[in-house]
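Engineer: Would you mind keeping the following structure in view while I ask a few things?
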Amino acid sequence: MSIKVWPKSERPREKLLQYGAENLSDAELIAVLLGKGVKGKNAVSVAHELLNELGCLRGVVTATKDEFAKVTGIGPCKYAQFQAGFEIFKRNLEIKLQREDVFNNVDDTKRYLQAKLRDCQREKFALLMLDSQHQLIAFRTMFNGTINSAAVYPRELIKQVMIDNAAAIILVHNHPSGVAEPSHADIRLTTEIKSAMASIDVPVLDHFVVGDKETISFAQRGLLT
């Protein structure tokens, strides 16, 4: 049944305008982004198919083009719309970090890093370069690894820190396994990097490990001593 014949109070777009996006279900939000359905299916029906195929809202926005296309009638244009929306979300978080004191906004930092790294299929090691006010200068992916490791070289980190003229840094890497618990190797590496950065008087404020369901802060765990 076409959404046009639904009562106005039940149409996703009208509900959003009247009650706000936070009051829509995942399927209704997807339907608004889709705009319209495909032959024989309205936008809400297609949205449910996407959720069933890709598992959840996160699966929809992080799916590959081929995965997205498994739902009949959904082409590259719709995929591009969802990717653009997800990128806007990530950039908005980055802008927020650039305006605020990163170290005093651990939850915002976690959300930003989750958006950056949670769905990467290979391990990545990155630095948040901070100025003297602990505001974000840049996010730098320093090393790309395999599904369970990434080789990290402190000398290369020092070189990039000096190029960016960072006053402090935050370390971050993801665990593609989905488990964010820091390993003994993670703790040893953090100690090595702290020692290397001390040689140029740049403090390491935190080290985040991004997993599937959580992001762990070394500082909150007392692991930076």
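Cβ from N, Cα, C; glycine included.
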Engineer: Need a hand: Swiss-Prot gives His173, His175 for Zn(2+), which of Asp186, Asp201 is also on that list?
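Structural biologist: According to Swiss-Prot, the candidate sharing the Zn(2+) site with His173, His175 is Asp186.
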Engineer: DSSP secondary structure for His173 (Zn(2+) binding site), reduced to helix/strand/coil, please.
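Structural biologist: Note: His173 (Zn(2+) binding site) is in a strand by DSSP.
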Engineer: An 8 Å radius from the center of the His173, His175, Asp186 Cβ atoms defines the neighbourhood of the Zn(2+) site; name the other residues of that chain inside it, in order.
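Structural biologist: Leaving out the recorded residues gives Glu123, Phe125, Asn174, Ala180, Pro182, Ser183, Val209, Val210.
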Engineer: What's the number of neighbouring CB atoms sitting within 10 A of the CB on His173 (Zn(2+) binding site)?
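Structural biologist: There are 25 of them.
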Engineer: Taking DSSP states H, G and I as helix and E and B as strand, how many residues of the domain 'MPN' (102-224) are helix, strand and coil?
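Structural biologist: Reading the DSSP string over the domain 'MPN' (102-224) gives 45 helix, 33 strand, 45 coil.
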Engineer: I'd like to know which of the binding-site residues His175, Asp186 has the most other Cβ atoms within 10 Å of its Cβ.
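Structural biologist: Neighbour-count leader: His175.
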